[in-house]
Amino acid sequence: MPVSRMRMRPWLEMQINSNQIPGLIWINKDKMIFQIPWKHAAKHGWDMEKDACLFRSWAIHTGRYKVGEKDPDPKTWKANFRCAMNSLPDIEEVKDKSINKGSSAVRVYRMLPPLTKDQKKERKSKSSREARNKSKRKLYEDMRMEESAERLTSTPLPDDHSSYTAHDYTGQEVEVENTSITLDLSSCEVSGSLTDWRMPMEIAMADSTNDIYQLQVSPLGSSSEDEDEMKSNIIKLLEPTQDWHTTSVEGKGFFTNEPGTQTMCSTFGYKEQDGEIDTSSAELEFRMMDQKSSLDFSWLDTVRPMQAISCSL
């Protein structure tokens, strides 16, 4: 049979009023606000009689620790005390006044007024209603999971697997269509000669290498010959055109390269026997004629006659 003990709130009030635990005091007794020393053991170190005496007293009160039977465990005492404080419905923490760091760390709590019978009943009914709803919801989910599992495991597989295939009427339609196609093909006449509808096409094939083809490729010429021919053509294009023409003025023959001048025949005596030119009757002189000048050639008399150049007309 469990040992009856005082609940935490009256026990805590008795400890505060006794003033036997250092740091456990009332801040505002009218508002039921008090503080508890809450030093961090790992960072600042604990004094068993000063910092952990409240947690040890609660462990002894709940029977979790007995002096001489177990080794002291201040961290476990503090964790158990914190869980018990958080589970109380009529005590809440005043977080804006608590100090969580440093050697003077404390937690401030407020004791709420005791609940009336109506509040207790309402709270109890609310909690019981929430518990019932939760249990019903869980039961419904479990039933659904069990039904789905049974449906998967208990579904029998048929011995005849013909139901997995397509229906028979589709195959019948296909067979009828195939029969009609076969009948149509049997009525057709197949001719072995295709010359009636194919257009004639003649392909000329070369019988030997001597045949002349429409498309011939000339052999590539030598690169040196092409370069020489190209150079000579460029030189001819760059050189000025000098077409020498024979003309005769006052019985004298001349060579001229000016375009637009009048061309006259010179008086030459030509011997067919030896192919020489007789220049006794006329003297050939080079004269530069200007097509814009007049036909007055009186100034030519002052020019010294030059040696005649033979030419063949």
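Even glycines carry a Cβ here, placed using N, Cα and C.
Here's what Swiss-Prot has on this protein:
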DNA_BIND  5-113  DNA-binding region
REGION    110-162  region 'Disordered'
COMPBIAS  117-150  compositional bias 'Basic and acidic residues'
CROSSLNK  Lys271  SUMO cross-link
CROSSLNK  Lys292  SUMO cross-link
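Mean model confidence of the DNA-binding region (5-113) amounts to 87 (pLDDT, 0 to 100 scale).
Sequence-distant contacts of the compositional bias 'Basic and acidic residues' (117-150), counting only residues of its own chain at least 6 positions beyond either end whose CB sits under 8 Å from a CB of the stretch, comprise 89.
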